[in-house]
Amino acid sequence: MLCRLALAGRSSAKLIAPLGCLVSRQKHTLPDLSYDYGALEPHINAEIMQLHHSKHHATYVNNLNVTEEKYKEALAKGDVTAQVSLQPALKFNGGGHINHTIFWTNLSPNGGGEPKGELMEAIKRDFGSFANFKEKLTAVSVGVQGSGWGWLGYNKEQGRLQIAACANQDPLQGTTGLIPLLGIDVWEHAYYLQYKNVRPDYLKAIWNVINWENVSSRYAACKK
């Protein structure tokens with residue numbers, strides 16, 4: 001059974017882990033990046049990447065571990081009120097960990113361009129063209145009010161791709177049922193040091209580092 005929230009982007013694990021997992025689980029850890037902090041320049045600079053990964057994501061991981069310990073204690077005591085009160089923290093920090101774990105793999109210094117194979121065919125089928133898909137996901141991401149994420153997800157029941165936006169750190173699968181394939185972080189901490197408050201400029205740049213191999217692998221996995 002998958003007990004780690006970090007794996008939720010590639011599984012059907014729920015945001016709130018089964019009780020057995022909470023009792024016996026290992027602590028969540030900050031995943032390593034497969035590239036250096038400066039590898040995505042000039043599109044995303046090293047300072048942003050270092051702060052985003054080593055500070056922001058690390059904070060979600062630490063707070064998730066603390067919250068799960070408190071939840072474990074509440075379970076042991078049979079304190080339902082405490083369990084309910086911890087749900088928002090589990091959702092926020094668990095979602096932050098899930099979302100960022102996907103995000104780092106969705107990026108690559110060798111990224112950009114367009115996807116190939118089955119993913120490209122699905123994009124053409126469901127959005128008409130890659131250009132139309134790119135325009136729609138960019139528009140949805142620009143339009144997120146405050147902080148949140150733009151997503152390309154897979155609707156397993158309907159067998160098609162869908163674009164969605166999630167507020168704050170709400171995880172895509174846990175809140176919409178869509179399986180996450182590509183996430184674009186539009187919290188200001190993801191771009192402000194470089195792009196200030198001009199979110200559209202950041203979104204124009206990020207397409208140059210999208211790891212389509214990773215997105216395609218996620219698509220192939222969720223269709224099995």
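Yeah, the Cβs are placed from backbone N, Cα and C, and that goes for glycine too.
Annotation comment: TrEMBL describes 27-108 as domain 'Manganese/iron superoxide dismutase N-terminal'.
With a 10 A radius on its CB, His100 (Mn(2+) binding site) counts 26 other CB atoms from all the protein chains. Residues or ranges marked as Mn(2+) binding site in TrEMBL: His52, His100, Asp185, His189.
Each residue of the domain 'Manganese/iron superoxide dismutase C-terminal' (115-218) gets a DSSP state, and the totals for helix, strand and coil are 54 helix, 24 strand, 26 coil. Taken from TrEMBL, the feature domain 'Manganese/iron superoxide dismutase C-terminal' applies to 115-218.
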TODO: Compute the average pLDDT of the predicted model within the domain 'Manganese/iron superoxide dismutase C-terminal' (115-218).
DONE: 98
Task: Other CB atoms within 10 A, centred on His52 (Mn(2+) binding site) - done: 22
TODO: Count the residues of the domain 'Manganese/iron superoxide dismutase N-terminal' (27-108) that DSSP assigns to helix (H, G, I), to strand (E, B) and to coil, and report the three numbers in that order.
DONE: 57 helix, 1 strand, 24 coil
TODO: Mind telling me which of the binding-site residues Asp185, His189 has the densest Cβ neighbourhood, counting other Cβ atoms within 10 Å?
DONE: Asp185
